[in-house]
Amino acid sequence: MNNSESGFRHGVAGNYAFFLCILAAAPASAASSENDVAPLNYFLHSYGPASTPTMVLGWVFAALLIAIFSSIALLLVWAVFRKRPAVDPRSIGREDEGMPWIYIGTGISTGILFALAIYALITLNAIANPTHAPALTLTVTGYDWWWKVEYEDDDPTRSFATANEIHIPVGQPVLVKLKSADVIHAFWVPMLAGKTQMIPGLANQQWIQADVEGVYGGQCTQYCGVQHAHMSLEIVAQSEDEFRTWQDAQRGEAEMTAGINAGKSLFLDRCAGCHAIRGTEAVGAHAPDLTHLNSRRLIAAGLLTNTPDHLAQWITHAQDLKPGARMPSMALTATELNALSAFLSTLN
Ligand code: HEC
Ligand SMILES: [Cu+2]
């Protein structure tokens, strides 16, 4: 995965001027992060047409609210220091001199709120549909606490599933169908689109488009249980060619190299009830598909980088690393773990 050219840093600094007071730390943390995945606080920036109108709406709201807050604060200060005229005892109980201002104030507030409501509706309409037909449709299903990602094809042998990492071609609208397997989740990739709920039994959808190559962070934004915070995903926007290459590789079944039989039969015994590996008898559907496990950068929905060490730790200590996760810590001897690791290392 080549994200050294990722575009998140382009033009980011200038936009911060306005929000500097609140977000002063953000550019620094972006530059020093170990990889180029843009942090979620970049929702103040847009990298595609599905999120630009919403971002502008956010800035307009923020600017207006700051202006209103400041003027009220100034009026309060003025009221504190204003010298009152001496009180005429006969006027007590007659407070109506201020009445016109109450009407004027209510009128101004109503006008502003009404204009904002219309602006919000116009924005909703502007992002409802992509400008041209989606280049790709995929289905993302929320599970406690990971994402299943399915790329369907009319030819079922070309369909495949992966987890927590979504690849899309850059500059193209992509339709994302959103489902849930258990409770309500919400799909949110702030730099590419607003969030959309994933509700059990309901078919929702939204479209996303990335105009700059790179890796965009996403997160479940509907509290869904103990590991909600560890339910993140990555969108990898690639050139058309890179995307096709990735897609063709994902379509392939697992390659069974020699010398991994012990690990494979252990996997079929212990793991296949939940996990699938295409090309083997493992067809479990309610855990991440592991056919091309090693093509993914992270495991456990963003919790760990995908290294042989982390994989081994995850398999034997899933419940310590992600307490409550729907995978038990597997009791395996060192020999078994080695055999299993050798087998998993072939899943490219
Ligand atoms: C009871 C079902 C179950 C069993 C049995 C099980 N797993 Fe899992 N596994 C899961 C679930 C669910 C997840 C996703 C957990 C999460 O991210 O919250 C997972 C995640 C993983 C991941 C990370 C995948 C990714 O892309 O994030 C690996 C690797 C893995 N399991 C390997 C194994 C191995 C190897 C075994 C057998 C020794 C095994 N699992 C047994 C349910 C199971
Ligand atoms: Cu959640």
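All positions are counted from 1 along the displayed chain.
Glycine is treated like the rest: Cβ placed from N, Cα and C.
Marked as domain 'Cytochrome oxidase subunit II copper A binding' by TrEMBL: 133-249. TrEMBL lists 258-348 with the feature domain 'Cytochrome c'. Taken from TrEMBL, the feature signal peptide applies to 1-30. Per TrEMBL, transmembrane segment is recorded for 54-81, 101-122.
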Secondary structure tally of the domain 'Cytochrome oxidase subunit II copper A binding' (133-249) (DSSP, helix then strand then coil): 16 helix, 56 strand, 45 coil
Tally of DSSP helical, extended and coil residues in the domain 'Cytochrome c' (258-348): 38 helix, 8 strand, 45 coil
